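Below is one structure, written out as structure tokens; comments come after it.
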4 protein chains.
Amino acid sequence: MVIVIQCKDRVGLVAEISGVMAKFGINILTMREFVDTLESMFFARLVIESFDDLPSLEKGLRAVLPVDASVKVNPEPEKKIVVLVTKEYHCLSDILVRNHFKTLGASVEAVIGNYPMLGDLCERFNVPFHYITHEDKEKMDFECEIQEQLAFYQFDYLVLAKYMRIISPEFVASYPNQIINIHHSFLPAFIGASPYKRAFHRGVKLIGATAHFVTNDLDEGPIIVQQTIPVNHTYMVSDMVRAGKEIETSVLAKALHLVFEDRVFVFNNKTIVFE
Amino acid sequence: MVIVIQCKDRVGLVAEISGVMAKFGINILTMREFVDTLESMFFARLVIESFDDLPSLEKGLRAVLPVDASVKVNPEPEKKIVVLVTKEYHCLSDILVRNHFKTLGASVEAVIGNYPMLGDLCERFNVPFHYITHEDKEKMDFECEIQEQLAFYQFDYLVLAKYMRIISPEFVASYPNQIINIHHSFLPAFIGASPYKRAFHRGVKLIGATAHFVTNDLDEGPIIVQQTIPVNHTYMVSDMVRAGKEIETSVLAKALHLVFEDRVFVFNNKTIVFE
Amino acid sequence: MVIVIQCKDRVGLVAEISGVMAKFGINILTMREFVDTLESMFFARLVIESFDDLPSLEKGLRAVLPVDASVKVNPEPEKKIVVLVTKEYHCLSDILVRNHFKTLGASVEAVIGNYPMLGDLCERFNVPFHYITHEDKEKMDFECEIQEQLAFYQFDYLVLAKYMRIISPEFVASYPNQIINIHHSFLPAFIGASPYKRAFHRGVKLIGATAHFVTNDLDEGPIIVQQTIPVNHTYMVSDMVRAGKEIETSVLAKALHLVFEDRVFVFNNKTIVFE
Amino acid sequence: MVIVIQCKDRVGLVAEISGVMAKFGINILTMREFVDTLESMFFARLVIESFDDLPSLEKGLRAVLPVDASVKVNPEPEKKIVVLVTKEYHCLSDILVRNHFKTLGASVEAVIGNYPMLGDLCERFNVPFHYITHEDKEKMDFECEIQEQLAFYQFDYLVLAKYMRIISPEFVASYPNQIINIHHSFLPAFIGASPYKRAFHRGVKLIGATAHFVTNDLDEGPIIVQQTIPVNHTYMVSDMVRAGKEIETSVLAKALHLVFEDRVFVFNNKTIVFE
């Protein structure tokens with residue numbers, strides 16, 4: 001059973017939080033705590049033994065925390081997500097397989113694609129797929145259609161699994177800290193389009209991938225996970241793309257796992273990740 | 001300012017520890033806590049803002065902890081070490097350079113070698129070097145000589161920086177959890193002698209190094225840090241040895257850094273490492 | 001178009017091979033060559049521009065090479081495989097997805113499982129699944145049943161994708177250098193059963209996976225790919241198993257990719273891998 | 001004994017090169033060859049058994065290669081270098097230690113610093129140190145002083161081991177493909193000044209280092225080696241700097257090793273590295 005807390009820091013917070021636990025006779029299995037001393041912010045994630053009276057526990061915690069503290073007691077362990085895709089299958093198939101075998105830590109409610117070709121894959125795993133083309137439309141109209149479709153679902157996170165359209169600020173604003181993207185470079189290298197092509201021309205010796213929350217600044221949102229792998233002079237652009245897909249899949253899977261287990265906090269433009 | 005605590009686990013420990021901090025008005029900057037639920041052991045490392053009355057703080061902590069708790073309030077930040085070597089320079093030179101520039105986190109009191117050739121290097125950095133040969137001696141006599149020399153120094157840790165003699169149980173027993181060794185394989189692969197030769201014959205695709213505390217079971221002590229690097233079919237034994245030296249140096253340096261910052265706890269045959 | 005050559009080494013081999021290419025006016029795009037000087041063995045992999053008269057080219061090559069040389073001119077680029085599984089889905093699903101999207105570099109002819117539960121997954125991807133239980137049977141009878149099923153298929157490799165039965169020497173002898181296994185440890189650490197449990201008890205700081213050809217010595221066959229990932233004191237056995245699945249999937253995928261592109265040579269108990 | 005060749009590609013080059021070897025009865029131990037098909041450039045590195053009549057061999061090779069081919073037969077295995085530094089000791093000390101123990105693959109002829117403090121370290125290893133301040137001088141005058149000092153030495157490479165001044169195009173032009181720099185980021189991320197500070201503010205989850213040849217475009221020269229290491233939310237800028245020093249040292253050491261063994265070719269803005 002997980003508890004996550006985020007609030008302004010002050011002396012004695014850990015004592016007060018753990019005091020509440022002790023009062024209820026709750027054993028803390030693990031506690032991760034971090035104070036951003038520059039910003040004076042406090043972040044904590046506790047794993048406790050199972051406990052029944054959660055409303056009282058939450059009330060007890062709120063009583064000792066700053067009034068504007070963010071407190072989640074036993075957040076839904078099985079998140080709900082909707083996935084946005086374009087044409088590439090590698091991240092989506094990884095998500096669908098884990099979803100199918102109940103190891104994703106979340107339930108895929110639906111997939112929306114701006115091309116139709118990944119519908120077949122979704123069908124094989126009995127996940128609803130909605131094809132909404134962006135062609136011959138204003139971006140605003142296109143995004144409205146997506147949002148209309150999204151309105152049919154309840155979800156905690158929107159996962160952009162190689163969704164290759166730039167999202168408008170209005171769309172982003174509708175889902176604050178809820179949109180997770182996989183970017184095909186080790187940001188901030190190669191912000192923007194065609195990172196592998198640019199990596200090839202620059203002659204880099206490693207390529208990478210970055211999972212991040214989406215904000216209005218393209219490719220500038222809070223980073224959750226980054227990894228790199230080595231490449232060499234024999235790699236053409238297409239080899240980099242192929243190698244990159246492996247790491248994109250792996251990085252997105254790791255980021256989702258961390259987010260779904262409530263291990264990731266967002267503050268300003270950064271994340272605190274209790275791995 | 002660091003505080004480390006290791007004791008039997010029970011409900012409310014974090015509350016009591018942090019309660020003591022709050023009582024003294026001490027701000028906890030970071031707190032890492034881990035409960036080994038199988039063994040019911042509690043480990044914590046706190047970094048607090050500077051505080052003057054340490055005896056009262058320690059007394060306050062001991063009052064709320066089990067009587068046999070291990071508590072260190074503000075352990076000496078500058079550890080003292082003696083280094084044992086044989087012929088290879090790579091780990092020793094790394095230690096001596098960091099010691100010289102005051103970035104080791106410890107002070108090298110002396111170096112003891114069972115061959116004379118690393119004496120010159122120590123001299124260049126004004127560190128005492130004692131040459132004690134193992135030749136034509138019983139192991140017990142040889143180790144007695146080392147211990148006689150060690151008796152002239154105060155030290156927190158003995159670092160075996162590619163010291164290639166097997167240490168007797170009696171010697172190990174004299175310095176419990178104080179002897180740190182770098183082993184030239186990713187243990188438990190290639191326990192014992194000539195790991196690189198055996199790695200070559202096995203055709204492995206990675207080699208590694210392991211820093212660990214020394215216990216009576218050869219190469220079986222608590223592991224602090226392990227890393228591996230890729231090798232391939234073009235590597236002869238000598239290439240593996242050369243590549244291995246890089247990672248041995250790096251792994252030992254990282255382990256020493258963690259130990260010297262009081263981030264490593266030993267329990268039974270394992271370590272808890274708050275990186 | 002690929003050419004692979006393996007033979008006893010002698011002076012002038014590269015000249016003679018490339019001389020043949022020049023005679024036919026063939027441009028060599030890349031050439032990887034390795035001489036095992038201890039064993040005096042020669043290995044080469046050439047990528048050439050497309051060429052029509054392959055029989056003449058092979059004849060030309062054989063004319064200049066030792067009579068017992070292994071020469072493959074333009075080996076089938078689309079290999080055929082049969083996959084053996086038990087209960088775990090992670091490696092199989094990765095293979096099936098790549099197979100479905102034609103990026104595996106091989107065609108999955110069938111899957112054989114000694115438990116029935118992965119049949120559903122195969123069905124979703126229209127791949128034949130055969131359930132052959134090992135229960136209440138002599139190993140010999142069980143393996144005979146598998147071989148009878150295999151007889152219906154043509155295949156280049158048998159892939160053990162977390163197939164958890166030990167294979168008999170007789171079975172192995174039927175498919176020399178054709179059986180590829182994924183082992184859940186960085187061999188030679190934790191040879192045999194329950195590697196993650198033993199890794200947990202040893203307190204290692206990294207776990208790994210090894211893809212290798214299967215020989216009669218359990219877990220002793222030629223290693224193709226190995227990788228490790230860090231773990232720490234917070235990992236229970238189940239966490240190591242979960243983390244291990246990620247790296248098992250990744251290591252097997254990489255090994256298959258290398259084998260299917262004819263980049264892997266086997267000699268004695270080692271591989272030469274031209275990445 | 002090494003041979004390196006770089007020239008315009010054409011059909012039959014490998015045949016002709018290896019034909020020359022065969023004519024002289026020379027056994028090729030390893031041969032690495034790469035054709036940049038986009039640029040139609042050919043690169044090869046051969047390791048041959050020892051051979052006496054090198055002038056004839058070189059003449060034989062030039063006879064079959066394009067007239068403007070770059071051919072080096074048995075390039076000096078012990079390169080000579082001069083090292084430029086500012087204040088940081090970590091890369092320099094690594095180079096000096098390897099130089100002292102004859103494992104650098106090069107001889108350090110001298111060290112030039114724009115601050116005096118690393119002179120003591122050089123003195124301990126009996127390497128000449130020249131202090132040339134940049135203060136109160138035009139950049140041109142400062143660089144002239146350096147070049148005057150350099151004129152006293154013969155050297156193959158200038159190694160910038162955390163030399164923190166921007167070099168003028170004129171200076172760079174004097175030593176084409178001879179200046180090797182270590183940059184404290186995984187380029188092209190964080191080009192320019194204060195990469196760790198910017199990495200901190202961006203909230204990246206990995207930091208890196210890049211060794212590259214210096215060209216007129218700041219931080220844009222051909223990359224030799226890049227590596228990254230993970231960081232997390234607990235790292236302050238100073239922690240990133242400390243972690244970065246480890247990887248800077250390691251990356252520069254690896255790049256120098258590759259260059260000194262004639263494994264690195266430069267073409268346009270990229271390197272071909274035969275590891």
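Glycine is treated like the rest: Cβ placed from N, Cα and C.
The active site annotation in TrEMBL covers A:ASP219. Of all Cβ atoms in the shown protein chains, 19 besides its own fall within 10 Å of the Cβ of A:ASP219 (active site). Annotation note: A:ASP219 (active site) sits in a coil segment as assigned by DSSP.
Residues belonging to the domain 'ACT' (A:2-76) score a mean pLDDT of 91 in the model. Positions annotated as domain 'ACT' by TrEMBL: A:2-76.
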Do you know the DSSP helix, strand and coil residue counts for the domain 'ACT' (A:2-76)? 22 helix, 28 strand, 25 coil
